[in-house]
Amino acid sequence: MSQQVIIFDTTLRDGEQALQASLNVKEKLQIAFALERLGVDIMEVGFPISSPGDFESVHTIAQKIKNSLVCALARCIDNDIDVAAEALKVAKNFRIHIFLPTSNVHIQSKLKKNFDQIIDMTVHAIRYARKYTDDIEFSCEDAGRTNIDNLCRIVEIAIQSGASTINIPDTVGYTTPYQFGQIITSLYNRVPIIDKAIISVHCHDDLGMAVGNSISAIQAGARQIEGTINGIGERAGNTALEEIIMAIKVREDLLNVHTNVRCQEIYRASQVVSQLCNIPIPANKAIVGSNAFSHSAGIHQDGILKNRKNYEIMTPETIGLKDVKLNLTSRSGRAAVKHHMKTMGYQESDYDMDKLYDVFLELADKKGQVFDYDLEALAFINNQQEQSEFFRLKCFHVDSSSSEVAHASVKLYCGNNTYTHSSSGNGPIDAIYEALTHISKLSINLERYQLNAKGHGRNALGQVDIVVSYEGRNFHGVGLDTDVIKSSVKAMIHVLNNIWRAKQVIIQRKYIKKNNN
């Protein structure tokens, strides 16, 4: 009989560590809701002790998520565990995930301890965490390079101490599928009480073997897989959950396991993570890449026309990728727009219909026809804009025709006031950047500027993503328009508003702290 493999998503914890700019609470909630719709069993949503912002996001997500188990990370330190429990206590169900290094290189060079001390810390931390919940996961950090005798010993003691899930991470992506499978097999053969806990694996992709190692672990008996959407994460990333999920579905005949994930939500979740994290999906990415279901060779095309099974082991519809042909114009009503959003997998709670319809009409007047990719891009950008923006564009003008130096004039609403400034720069983007930073009086450095076409042809929308640094933190901004200069202006104003909101949060925290003392 087929057994369930638990899907543990750590996009919002391990995955977020790879981002140039941290996600805000609203963005994390959007990803959490996408994961809940996907049907992941567990979502690890942060490391609460690491910062007030992480605590706030864990607490907020724990309040909102109802159908997935919410988990937070903690070191084997009492205060870490206390803070994690405090952030999670509003959740319907929650798990505390604690970890300790178990390899000699980590124990000796990082912690300056011996293995017996690691054992003592493990026992204490698990027992301490069980004050808050019986759902405790213990991770043997760098298990892939841990002496197998030591690994078996600490796993047995962790289970005896009350851990309900034991995680075996290949922290640096060092092992091969055969080797990693042997590690899991050894645990099942040598730990007498192994059946009292669920064995989990968490594989990194440094050698490109994270998914292979995870599949090998399943074949050896692991029943929880940890990973991230699109495989994002530290260094080369983590196990790509969409690949694991579809490998289990397509090869259930071989693996004899299943997941409870709603596969038709895979593509939608992948797009949400890619857009919010500002990490493009490679065209040849398995499952969710734009070429994943493309066939260009003549022989392949002929075979597909005769029978899709000739060259497709799964269909795009399985992951929620539908061949939608939109023909929307400025004469299309709200019902038509809402229908096409539903066809693309959006729920009404994913977007503000009034705001979306306004920008749709604006775009339709410019382009004539609006296609599915246009509508999806509008919905994403529209959802990033807050109800109240401190900085708002009134108008701008750029002149770069007569010399190497470009000139820009920008008029900006700042709260209830209006300011205008003219600047010059090495190109129109630089000139606009100088004008906006002068008006905002924010000393920012542009770390990244990226332009992507959303659609096809000369009428394609241009999406600009920028990352700026301000007072030791990175902030992300995004803008969308058929005019790439205007997209750039919108992205810069978006990032200025993100910085302004972050400053307001800091002021509020200081005020609350002052009044609580």
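A Cβ is built for glycine as well, from the same backbone N, Cα and C atoms used for every other residue.
Lifted from Swiss-Prot, the feature list:
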type	residues	note
BINDING	Asp14, His202, His204, Asn238	Mn(2+) binding site
DOMAIN	5-267	domain 'Pyruvate carboxyltransferase'
REGION	392-517	region 'Regulatory domain'
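Within 10 Å of the C-beta of His204 (Mn(2+) binding site) we count 26 further C-beta atoms, all protein chains included. Over all protein chains present, the Cβ of His202 (Mn(2+) binding site) has 29 other Cβ atoms lying within 10 Å. When secondary structure is read from DSSP and collapsed to three states, Asn238 (Mn(2+) binding site) falls in the strand class. Asp14 (Mn(2+) binding site) falls outside any helix or strand according to DSSP and counts as coil. A simple way to gauge crowding: the CB of Asp14 (Mn(2+) binding site) has 23 other CB atoms within 10 angstroms, across all the protein chains here. Sequence-distant contacts (6 or more apart, same chain, Cβ under 8 Å) of Asn238 (Mn(2+) binding site) comprise Thr10, Asp14, Gly15, His202, Cys203, His204, Asp205, Ala210, Glu226, Gly227, Thr228, Gly231, Ile232.
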